[in-house]
């Protein structure tokens with residue numbers, strides 16, 4: 001049974017008013033300013049800390065939340081990308097060792113137009129969109145991030161998936177020379193990192209391929225040059241630095257499912273009712289979270305995107321298909 | 001031990017060593033506080049603080065356990081003079097670690113469920129509970145009052161170090177390198193302890209004079 005139970009702060013996406021958009025734009029600018037002001041030596045360092053080409057995009061307010069953005073500095077300095085180490089600051093520290101240009105994506109499996117595509121050719125005809133999504137990590141913290149990119153569905157359709165294709169499989173770059181986390185002798189991850197979606201999930205309007213954030217090209221640590229963003233699922237589903245897309249009939253085994261199937265399922269939909277065996281998923285810390293005023297929030301089913309995605313899971317026992 | 005040994009055994013040298021060790025034991029806290037003030041703890045400071053305090057407690061526990069072997073290898077009594085202090089620092093960091101977990105990670109919600117349902121929490125909490133009697137009986141008068149039983153009681157520290165390691169290991173996500181490195185240290189300390197008690201018993205049987 002699906003009970004829609006949105007707290008006050010979760011504006012349904014179609015209720016976002018022009019004022020909200022305006023305010024949101026302002027809060028975007030304010031947090032960008034705050035981010036640069038927060039740097040010890042403003043001027044130079046601030047300019048250096050916001051690298052990457054600007055990406056013109058069309059904003060999609062109806063696809064965006066109007067919640068307060070997580071400051072740029074936090075988005076790019078605090079995340080998981082185990083290819084570069086398991087510490088939260090490892091990606092920011094070491095992802096510079098990866099080269100993202102030129103970049104190709106191999107497309108294969110059950111589709112009409114398989115091949116190895118240059119990233120530019122993949123993205124060429126598309127108009128970038130900006131979507132502000134919530135991101136809920138399985139570790140019980142969350143952020144609000146303005147992504148720039150293209151809807152996943154549009155891109156996938158260009159490869160003419162066959163009717164037999166029921167799943168889409170993704171793979172991250174595997175190159176221990178550039179990714180020091182992959183050189184670790186004690187990692188239990190069987191590289192490359194693998195993820196997957198059901199085709200109908202992949203075709204959902206929320207599923208997004210990001211090439212940028214905060215109006216600029218993705219920093220390497222956030223999954224440059226191409227990453228998935230599926231905001232109704234835990235963050236680890238949003239695979240980074242994608243080099244392969246495959247259409248297939250059978251359900252792919254995903255990285256975390258392979259390591260600990262009792263902890264991480266294929267679906268990994270955000271769900272406060274299903275605990276991770278090691279911790280509760282009922283609440284989350286929205287970052288930045290202060291020490292004296294921790295920013296606790298009740299976690300919402302499907303991360304608050306139930307309206308768009310709950311139909312995908314109708315009749316499924318979400319305790320079983322976690 | 002020769003000249004150097006004679007100098008090192010002077011009360012003043014031992015006292016200076018104690019001060020140095022106390023200073024080092026405060027370092028993890030000092031570093032945390034300085035990072036906190038300089039906002040070098042990132043957007044999720046509670047998580048960082050909880051982790052750092054736990055690691056500090058574990059490292060101090062290992063350091064405490066290393067003191068007796070160090071005394072036996074070097075013959076220097078200074079090692080034993082800081083044992084109680086390091087044990088109490090271990091307890092100090094363990095208390096802070098538990099409080100930080102309750103405040104920053106749980107937010108005082110779901111406490112009962114967490115401490116009864118989650119195996120890694122149960123292991124860590126058991127280690128903490130077992131530390132309490134050791135801290136309480138660490139005074140000279142308690143040592144006198146308990147006599148031989150004091151030693152038996154304080155042997156539980158080997159159970160504690162195993163529980164603490166399990167608590168740490170069960171939190172691994174994918175990379176277990178760090179956990180294994182600590183595990184090797186724990187193993188070495190345990191093996192050394194077992195070997196000595198064997199030697200001691202063999203020695204007693206051979207020459208029942210002491």
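Placed from the backbone N, Cα and C atoms, the Cβ positions cover glycine too.
Caution: TrEMBL annotation is automatic and unverified by curators.
Copied from TrEMBL, the annotated features are:
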type	residues	note
TRANSMEM	A:28-50	transmembrane segment
BINDING	A:79, A:82, A:83, A:137, A:172, A:222, A:227, A:238, A:239, A:240	Mo-molybdopterin binding site
DOMAIN	A:100-256	domain 'Oxidoreductase molybdopterin-binding'
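Features per TrEMBL, on structure.
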residue	record	DSSP class
A:79	Mo-molybdopterin binding site	coil
A:172	Mo-molybdopterin binding site	strand
A:227	Mo-molybdopterin binding site	strand
A:239	Mo-molybdopterin binding site	coil
Residues satisfying Cβ distance under 8 Å from residue A:239 (Mo-molybdopterin binding site), sequence separation of at least 6: A:170, A:171, A:172, A:193, A:194, A:195, A:223, A:227, A:228
Among A:83, A:227, the most crowded of the binding-site residues [Cβ within 10 Å]: A:83
Among A:79, A:82, A:83, A:137, A:172, A:222, A:227, A:238, A:239, A:240, the record's Mo-molybdopterin binders - longest CA distance, Å: 19
For residue A:79 (Mo-molybdopterin binding site), the number of other Cβ atoms found within 10 Å of its own Cβ: 24
Predicted model, mean pLDDT over the domain 'Oxidoreductase molybdopterin-binding' (A:100-256): 97
